[in-house]
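Asks: TrEMBL lists S53, T54, R55, T56, Q80, R104, H131, P132, C133, Q134, C262, L263, R290 with the feature carbamoyl phosphate binding site. Feature annotation from TrEMBL assigns L-ornithine binding site to N163, D222, S226, M227. Marked as domain 'Aspartate/ornithine carbamoyltransferase carbamoyl-P binding' by TrEMBL: 7-144. As annotated by TrEMBL, domain 'Aspartate/ornithine carbamoyltransferase Asp/Orn-binding' applies to 152-300.
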Amino acid sequence: MSQRTVRHFLQIPDFSRQELLDTLDLAARMKRGEYTEKPLAGKTLAMIFAKSSTRTRVSFEVGTVQLGGHALFLSSRDIQLGRGEPIRDMARVLSRYVDGIMIRTFDQQDLVDLATYGSVPIINGLTDLLHPCQIMADLLTIQENFGADLSGVKVAWVGDGNNMANSWLNAAYRLGFELRLAYPAGYEPDAAILERARGAANIITTRDPAEAVAGADVVNTDVWASMGQEDESAKRAADFQGYCITEEMMETATDRAVFLHCLPAHRGEEVTEGVLEGPRSRVWDEAENRLHVQKAIMATLMG
Ligand code: CP
Ligand code: NVA
């Protein structure tokens, strides 16, 4: 009997360029209501959360139900993981019960361990290093505004070289679009991920947000202090002065430019109220698109 290889979505490069485009196409079809299959019928997704979530939790649970399956919310505080049960043990046990695991946690290595010791697909719902499902939603939003071919789009990232920035680099690595990143000294993205992307796409790094935004089609930012960095909020607020996306800054982007933010947003810090609520903002479409891309990812991996 041939055994199917288990696929995972721990990072964007786990999918080939064509698989990423196919997944985005499937997500768009799901959004248009053209896909009525129930590939998760009789299947269960375990959703492990070691950090807070609104969008990820709700969109994965709703998406699983819409595909005919059942989702289990597991706070890491309530399961034995929180009392020190090793990831490799949990991976083998959960694999006997469920058909896929979505996890939001701190250490990317925990996802690698889950994938290594478990026998079901693992999906990254955010780690300190990466947030690939969010970038898939952002890519779908970009396609909705500029068409399916992403290669000619210029994307600006302004802010922390965090999990979002690293995943943008991974997307540029696979899809080849121009990516400009503006971040202060000390807030660099992951060095290996940056170098890998530089080999495949035009990656521009700068300390000057204005340089990144001028002529960009997509302007994207995120909170200055991510989950787990709350103690650094005051220092970061000082270090990120000048990194707020304003209406004036958006005027220097292309005429067609859109603003994206993964949310939750801190109005008046990384973005003004006027930009977030303004005509260029696509943040609500972007949040909705989490649902569609994650359904496409689950159908691909667990269907
Ligand atoms: N953007 C995002 O991942 O939101 P949540 O933290 O609410 O899941
Ligand atoms: N960079 C943020 C993203 C939240 C969706 C964080 O990790 O908290």
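From the backbone N, Cα and C atoms, a Cβ is placed for every residue, glycine too.
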Asks: Consider only the binding-site residues S53, R55, R290: which of them have a Cβ under 6 Å from an atom of ligand 2? Write none if no residue does.
Replies: none
Asks: Could you state the CA-to-CA distance between N163 (L-ornithine binding site) and H131 (carbamoyl phosphate binding site) to the nearest Å?
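Replies: One finds 6 Å between the Cα atoms of these residues.
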Asks: Give me the Cα-Cα distance between S53 (carbamoyl phosphate binding site) and M227 (L-ornithine binding site), rounded to a whole Å.
Replies: 10
Asks: Does any of S53, R55, C133, C262 have a Cβ within less than 6 Å of an atom of ligand 1? These are the binding-site residues; tell me which, or none.
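Replies: Passing the 6 Å Cβ check against ligand 1: S53, R55, C262.
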Asks: Would you list the DSSP helix, strand and coil counts for the residues of the domain 'Aspartate/ornithine carbamoyltransferase carbamoyl-P binding' (7-144)?
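Replies: Helix, strand, coil within the domain 'Aspartate/ornithine carbamoyltransferase carbamoyl-P binding' (7-144): 68 helix, 21 strand, 49 coil.
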Asks: Considering each pair of residues in N163, D222, S226, M227, all listed as binding L-ornithine, report the largest CA to CA distance in Å, no decimals.
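Replies: Site span for L-ornithine, by Cα atoms: 12 Å.
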Asks: Quick check on the binding-site residues Q80, N163: which one has the highest count of other Cβ atoms within 10 Å of its Cβ?
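Replies: Per the Cβ count within 10 Å, the most buried is N163.
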Asks: Excluding near sequence neighbours, so keeping only residues 6 or more apart in the same chain, what lies with its CB under 8 A of C262 (carbamoyl phosphate binding site)?
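Replies: Once residues fewer than 6 apart are set aside, C262 (carbamoyl phosphate binding site) is near H131, Q134, D138, M164, D222, E286.
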Asks: List the other residues in this chain whose Cβ sits within 8 Å of the Cβ centroid of the L-ornithine site residues N163, D222, S226, M227, in sequence order.
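Replies: Checked against the 8 Å cutoff, the neighbours are L126, D128, H131, D160, N162, M164, V223, Q229.
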Asks: Suppose we draw a 10 Å sphere around the Cβ of M227 (L-ornithine binding site). How many other Cβ atoms does it contain, all chains included?
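Replies: For M227 (L-ornithine binding site), the count of other Cβ atoms within 10 Å is 15.
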